[in-house]
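Going by TrEMBL, these are the annotated features:
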- 1-29: region 'Disordered' (REGION)
- 20-29: compositional bias 'Basic and acidic residues' (COMPBIAS)
- 133-154: transmembrane segment (TRANSMEM)
- 135-289: domain 'EamA' (DOMAIN)
- 174-191: transmembrane segment (TRANSMEM)
- 212-235: transmembrane segment (TRANSMEM)
- 247-266: transmembrane segment (TRANSMEM)
- 273-291: transmembrane segment (TRANSMEM)
- 297-319: transmembrane segment (TRANSMEM)
- 331-354: transmembrane segment (TRANSMEM)
- 392-412: transmembrane segment (TRANSMEM)
- 424-441: transmembrane segment (TRANSMEM)
- 469-491: region 'Disordered' (REGION)
Amino acid sequence: VVSTLERGAAPHRGRGGMRRSPDVSPRRLSDISPQLRQLKYLVVDEAIKEDLKWSRSVEDLTSASVGLTSIEERILRITGYYGYQPWAASYKRDERSRESPAPAEAQMQAGAEGGGRVNRCCWKCSVTQLKKIFWGVAVVLGVCSSWSGSTQLAKLTFKKFDAPFTLTWFATNWNFLFFPLYYLGHVFKSAEKQSPKQRYRECCRFFGDNGLTLKVFFTKAAPFGVLWTLTNYLYLHAIKKINTTDVSVLFCCNKAFVFLLSWIVLRDRFMGVRIVAAIFAIAGIVMMTYADGFHSHSVIGIALVVGSASMSALYKVLFKLLLGSAKFGEAALFLSVLAVFNVLFVTCIPVILYFTKVEYWSSFDIVPWGNLCGFSILLLTFNILLNFGIAITYPTLISLGIVLSVPVNAVVDHYTSEIVFNSVRVIAIIIIGLGFLLLLLPEEWDVWVIKLLTRLKVRKKEEIPEGNGDITSGLPNKSRRTRPSMSSFAH
């Protein structure tokens, strides 16, 4: 082939033996083009194709194209192809390599940029989750302290002021502050500020197209006002009969009652783990009754707490059935409407109890106003955190605050009362607490557990082949490196 090229493309020489570079001759180019194609075909077919067979990486493709280009340059230099400038070709090649980076480098750059974006997203997600967890801990502490504090303060108040229904009526009137407090938050946080009248009208749409009419007030607000009053009154009346530890732990059964009523009335999804939690709650109630030996006062107190938990569960299920889900402003307006109902229609009951001497006090001077106001503020704080805490943290963390109030009340009762923590009472507390925690599990908890176990199994299986893969991976690489060298020696 070389001899043919030398015969077909002899260089022109001028005086002094110097090579001249005349204009490019198309005829001369057509003469050597078959030989170039033949050489290119031979090189690719025997050398480079063999390399590509054993190496699938992008780097081998790049090196093969570079080798092919260098062979073409040698042929053109040997044949003396007129107009060929080797420095221009190399310059273009370098410029081309600079302009378009290698595929591996491009992949590395794209991976680095993608990794940077992923890292930034992960960082933002982690910061958001940390903020939610931080606020969740604060809300849990607030719910626990306000609920246990209101329970202990009510117990202390009954020593001087034995009027549980009057205390319920007085504390419910403080619910009127819900909507004004919400509007203050709206003014400070919202970008588009509205007047109180505009905000009120917008929140009234929750009751229907006509807003809060007299019919809606008696059909949708009044029943919940009755349930609210019964829930708080039965809870406070139970505190007079039994210790606060038993009251707080038995009230945790309302979660189980909510599930049972939702399953029956709302046709919610059946979950076996929640049925087990409901059984735990019922078993804990029976064991709690047995812990004091079935005395009359303890049985009545336990019945009152169970009734309070049932009224609370009925309130939540009926709210979801009749009104659905409410936004923050709508919930605040609804709770303020309950306070209006309490003032208009429940005020007569404490008056009747006072004149019938069921809840009687000799003069208003002996009324512990500090305890009444303190209890009302703590109960208002508890309801605010319970209803609006989901704006800053997870609902599950809020519910944990209720169950954590049980050990707080137990410690206080241990030092301030004559409570006996026998084995039956301790087991009952543990069973009810466990049932409460089981009810906090999400609906798809079983799917998450299966996915977690599957990932753990896959990781365990990957650990064993990785150790063997390091030993065996060297064999194909070694053969891949030796094959091209053998083919080059064969040529």
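Placement of Cβ uses the backbone N, Cα and C atoms for every residue, glycine included.
Outside the transmembrane segment (212-235) by six or more residues, the chain places 164-165, 168-169, 171-172, 204, 247, 251, 304-305, 307-308, 311-312, 314-315, 318-319, 322-323, 334, 337-338, 341-342, 345-346, 379 with a CB less than 8 A from a CB of the stretch. Counting residues 6+ beyond its ends, the transmembrane segment (247-266) has Cβ neighbours under 8 Å at 147-148, 151, 235, 238-239, 274, 277-278, 280-282, 284-285, 288, 301-302, 305-306, 308-310, 312-314, 316-317, 320-321, 399, 402-403, 405-406, 409, 428-429, 432-433, 435-436, 439-440 in the same chain.
Listed as Cβ neighbours of the transmembrane segment (273-291) (distance under 8 Å, sequence separation of 6 or more from its ends, same chain) are residues 246, 249-250, 252-253, 255-257, 259-260, 298-299, 302, 306, 422, 424-425, 427-429, 431-432, 434-436, 438-439, 441, 445. Using a Cβ-Cβ cut-off under 8 Å and counting only residues 6 or more beyond its ends in the same chain, the transmembrane segment (133-154) has close neighbours at 167, 236, 239, 244, 247-248, 371, 374-375, 378-379, 381-382, 385-386, 389, 392-394, 397-398, 400-402, 404-405, 408-409, 412.
Among residues of the same chain six or more beyond the transmembrane segment (331-354), those with a C-beta under 8 A of the stretch's C-beta atoms are 163, 165-166, 169, 172-182, 200, 203-204, 206, 212, 217, 221-222, 224-225, 228-229, 323, 360-361, 383, 387-388.
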